[in-house]
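Colleague: This is the feature table in TrEMBL:
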| type | residues | note |
| --- | --- | --- |
| TRANSMEM | 20-45 | transmembrane segment |
| TRANSMEM | 57-75 | transmembrane segment |
| TRANSMEM | 87-106 | transmembrane segment |
| TRANSMEM | 112-134 | transmembrane segment |
| TRANSMEM | 146-165 | transmembrane segment |
| TRANSMEM | 177-197 | transmembrane segment |
| TRANSMEM | 229-252 | transmembrane segment |
| TRANSMEM | 264-283 | transmembrane segment |
| TRANSMEM | 295-314 | transmembrane segment |
| TRANSMEM | 320-339 | transmembrane segment |
| TRANSMEM | 384-414 | transmembrane segment |
Amino acid sequence: MTKETLYRLVDLKEGEEKAVGLFIGYSFFMGVAVAIFYTATTSLFLHSFEKTMLPKAYIVGGLMVYVLGWFTSYIQKKVRFSSLVSGLIYFLMISVTGLLLCYQFSDIKWFIFFLFIWNRIFVFVNGITFWSTASRIFNLQQGKRLFGLISAGEVISSILSYFSVPLLLRFLATDQLLYLAAGAVVACIFLMSTIVARYKNELSGVGSEVTFAEGKDTRTWKDFLQNPYYVLLFLVAMMPVVGLFFVDFMFAIESKNVFPDNELLASFLGVFFGFCALVEISIKTALYGKLIRRFGLKLAISLLPLTLLFSVTLAVGYGMFNGTTALFFAFIVLSRFFMSSVRKSIHEPSFQLLLQPIMGYERAVLQSRIEGGPKAIGNIVPGLLLLLLTSFSFVGMVEIAAFFLLILIVWYYLSLKIQVEYRNVLGTLLEKSQETFQQGRDLYAQIGRRIVRDKKAPILNYEGSNFDFIVKLAASSRVPDRILAAELLRESGRYFAYRHLIALINDPDCDVKKAALLAAGEIRKPELWPLLINHLATDRFHQSAAYALISVGEPVVRELSRAFTRSGGNTTVQLRLLRILRQIGGPSVLKFLRSVMNYPDVLIRDEVFESLKCLSYHVNSTERSFIASEIEDRIALLVWIMASQRDLEKYPPWSPIHVALDREKRRLIPKLFTLLSLLPGVQSFDFISEKLLSDDEETYGYLLEVMNMTLPEEWKNNLIMLFEDKPLSERLRQCEPFYPHANLSPEERLKNIINRHFSRISCWLKVMALDELTRIPGDHTLILAAHAISPDEIMAETSLYTLHRTNRVRFDELQAVIQQQKDSFHSRIIFKVESSPGNHDLMIHKVWVLRQTELMAALHEDELLPVACSLFTYKTEEGPLPDFALRGQHENFVMVMAAGSMVVSWPDGREQILETFDTLELSREQLDQVRIWLRETSEIYCIDGQKINAVLPESFIEEDQRQAVGEVSSEEVL
């Protein structure tokens with residue numbers, strides 16, 4: 001069996017083997033200690049005391065665990081968690097050894113009583129040292145995969161230990177077995193010391209930490225009981241302990257009746273619990289992970305009470321008519337089998353998942369409280385009940401089993417209740433996280449919020465300014481006058497005010513034009529709407545025009561719908577129209593969006609889907625089939641991207657092709673969950689898609705759990721398998737039956753990416769694949785020539801540049817054909833390629849440089865292509881930057897240091913140093929005021945500020961513009 005096969009069999013991921021190995025070793029020796037200690041002390045107790053002492057032992061054991069739990073909670077506030085864990089194990093070893101020596105030298109049977117009680121101390125210490133430590137080191141998704149595996153060591157050792165008891169009893173007395181248990185605890189001390197040393201950062205929390213989920217330290221019992229989820233955890237943690245004592249009591253009494261001899265009873269217990277452990281390890285290693293992935297916590301947390309309901313019901317039904325005969329004993333043995341196998345292999349690991357939404361230190365505090373609180377009470381309550389029941393002479397095993405049946409019904413109800421609360425806690429946690437998470441960039445959403453704010457703000461109010469005065473301002477030669485005229489026309493209320501606004505909208509001054517466009521939205525005259533829509537095609541004024549159209553609201557929807565139809569082919573304008581419609585909202589907008597849901601352009605379709613989601617629309621039965629096919633297409637595309645990542649694994653993760661594939665996946669995932677949000681009866685999945693793209697592994701685990709609970713059944717399993725915490729090849733293997741994909745060589749996969757249609761993937765991914773392909777030895781003339789005549793500029797430029805370097809003959813042939821066809825677009829590209837000595841003048845390099853800047857780092861490369869097409873490149877020597885380099889008609893510039901460095905001296909004496917990939921924004925006025933000195937030979941990109949605003953919008957209405965208008969007095973105008 002290969003290493004990869006073994007890892008896949010046990011759901012182990014590369015890099016986890018050391019941590020898993022340490023925990024398996026610890027659980028192995030702890031399993032030896034628990035198994036031998038339990039078998040020996042139980043046998044000694046049953047033959048030293050009457051059955052009425054069992055409930056008393058349960059009560060005393062519960063009180064001791066409660067006191068130890070309280071003391072542990074107190075100490076945990078004062079010391080590091082790692083110190084607490086080490087202290088508990090040392091306490092266990094010293095106490096067990098001390099009691100054993102006292103019994104050996106005194107032969108007082110009450111030491112057997114306390115040794116039997118110490119079984120509960122073993123359980124308490126194991127709960128803190130093992131499960132709390134594992135919960136700090138492994139996140140939720142790792143826990144789902146590994147909690148069953150890391151506790152498998154305990155099961156293996158239990159099998160060996162239990163089955164070894166009959167053999168050991170040939171050489172040792174029953175009480176001498178306890179020395180073996182003490183030796184196993186010593187091995188646990190060594191392994192836990194290794195774990196603490198290796199993971200000291202994860203285990204270094206102290207009492208000063210606070211909970212992530214609640215934002216405060218809920219350490220008091222009052223706070224604990226005020227949280228409904230914690231109360232349910234309390235009860236669900238207590239019920240297995242209550243059930244264990246009831247089943248253990250019936251099992252112990254009936255076993256003593258069947259096996260009266262001390263050694264014979266110990267041998268039976270060893271064989272029985274060895275068989276239970278054998279079944280337990282089979283479930284843990286082969287079934288637990290698959291069960292959790294398939295059914296989640298729905299079945300796992302309810303399975304134990306369900307199986308016990310089955311066996312105890314049979315026992316009560318049979319015992320009512322036949323008494324406590326052999327078959328009754330068999331049903332009790334079956335109940336004890338369920339309590340051992342199902343509890344340890346499924347219920348306990350699943351219960352740990354219920355603690356995962358509670359973050360950091362709070363989880364450790366709660367774990368300690370559960371061990372010392374609910375589980376301690378779980379010792380006391382059944383002890384009191386059994387003591388009460390056995391005090392009546394008419395109450396036998398059948399009546400006790402019937403009483404336990406009622407407890408099981410309550411237990412099953414609580415297991416269902418906590419699943420609902422668990423979902424609520426996960427949802428609340430993610431919603432709180434989402435509040436602080438930056439949302440996507442939607443310029444027109446910002447515009448909508450700005451309109452709401454502006455309506456609350458005070459408006460200009462020039463009393464006594466008659467309409468003739470405003471008309472005079474509109475015809476003034478001074479720019480401030482015309483800006484003020486636009487503001488006053490907005491508030492004038494005169495019917496013919498729109499005529500004068502038309503002239504101002506066509507004003508040559510940009511500030512006047514913007515003010516007039518903003519005012520047109522308040523006037524709401526239909527005569528102005530075509531002018532506003534026309535300005536959506538401009539980079540400089542589309543934001544002001546959008547503000548005006550959103551201000552108009554519902555009345556302009558029909559005109560916008562017609563403009564969308566007329567703008568076919570102009571994707572930019574159509575996208576802007578859709579975003580404006582989304583901000584307006586209403587029934588008429590929904591009607592229009594539904595009519596264009598199946599638009600042929602995929603970019604437009606995606607924007608329509610996003611708009612419908614933002615308007616909380618859910619498709620009807622007729623539209624559902626179309627949305628379902630879109631979802632299937634997106635999932636298939638996601639699988640294709642993952643298959644590409646697998647086939648190109650030989651490239652390092654930071655290589656351009658892998659970065660491009662990852663960014664492609666990040667673009668696709670939100671679109672996929674937008675489509676899912678449109679399905680009837682489901683909620684928005686914004687927080688899932690946003691968090692899946694984050695690097696927070698802890699939150700990532702919660703998301704997969706929420707997906708398991710909230711995604712539509714039709715796509716749940718297919719989607720979850722794509723995001724599971726498994727190797728990429730394993731995830732692809734799982735989805736192969738549903739989404740077939742080819743396994744290609746790196747060269748074949750690169751060609752597959754290059755030939756993928758533009759409507760399915762980004763242009764940048766295709767360019768990166770083409771660039772990587774040319775680095776592979778071989779003749780790539782055919783594919784280069786095919787894409788040299790691409791309508792996409794960057795694809796054609798990259799292909800022609802590579803052909804020019806590698807196959808000049810084929811390049812000349814293509815050049816002749818292009819010139820013959822009078823193809824000016826490709827002729828311009830050929831001229832650029834022939835005149836460029838290196839690739840620094842190519843768009844592929846310019847886009848790469850822009851992406852390295854902090855200003856544009858968040859943008860996708862496809863969004864930067866229009867910027868790269870329009871920028872000007874200046875290469876200058878050391879010295880002052882020539883003035884001519886930046887002169888032009890632009891209002892403001894963004895300078896990008898593509899290479900080199902420079903010093904900018906401001907009028908106030910400040911000096912600003914720009915290194916490679918730094919940016920500087922300058923207005924036309926500032927350009928005349930600053931002094932720029934190049935420190936070395938440099939390359940500078942000069943970009944029109946409006947081009948930047950088109951892809952990276954900031955505040956589209958300058959606050960100082962409104963203030964400047966407000967500060968203009970009527971006397972100054974006159």
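Cβ coordinates come from backbone N, Cα and C, glycine included.
Give me the local environment of each listed feature.
Modeller: Tertiary neighbourhood of the transmembrane segment (20-45): same-chain residues 12, 53-54, 57, 96, 112-113, 115-116, 118-119, 122-123, 126, 129-130, 134, 146, 149-158, 160-162, 165, 174-175, 177-178, 180-182, 184-185, 187-188, 191-192, 194-195, 198, 252, 262, 265-266, 269-270, 273, 277, selected by CB-CB distance under 8 Å and a gap of 6+ residues from either end.
Using a Cβ-Cβ cut-off under 8 Å and counting only residues 6 or more beyond its ends in the same chain, the transmembrane segment (87-106) has close neighbours at 37, 72, 75, 79, 112, 114-115, 118, 121-122, 125, 128-129, 175, 178-179, 181-182, 185-186, 188-189, 192.
Same-chain residues lying 6+ beyond the ends of the transmembrane segment (112-134) with a Cβ under 8 Å from its Cβ atoms: 23, 26-27, 30, 33-34, 37-38, 41-42, 44-45, 48-49, 53, 57, 60-62, 64-65, 68-69, 72, 81, 84-85, 88-89, 91-92, 95-96, 99-100, 103, 143, 147, 150-151, 178, 188, 192, 195, 203, 348, 352, 363-364, 367-368, 370-372, 375-376, 379.
Packing against the transmembrane segment (264-283) from elsewhere in the chain are residues 35, 38-40, 42-43, 46-47, 148, 152, 155-156, 158-159, 161-166, 169, 174, 255-256, 258, 333, 336-337, 340-342, 344-346: each is 6 or more residues past its ends and has a CB under 8 Å from a CB in it.
If one looks beyond the transmembrane segment (320-339) by at least 6 residues along the same chain, the residues whose Cβ comes under 8 Å of a Cβ in the stretch are 243-244, 247-248, 250-251, 254, 258, 272, 275-276, 279, 304, 307-308, 311-312, 314, 396-398, 401.
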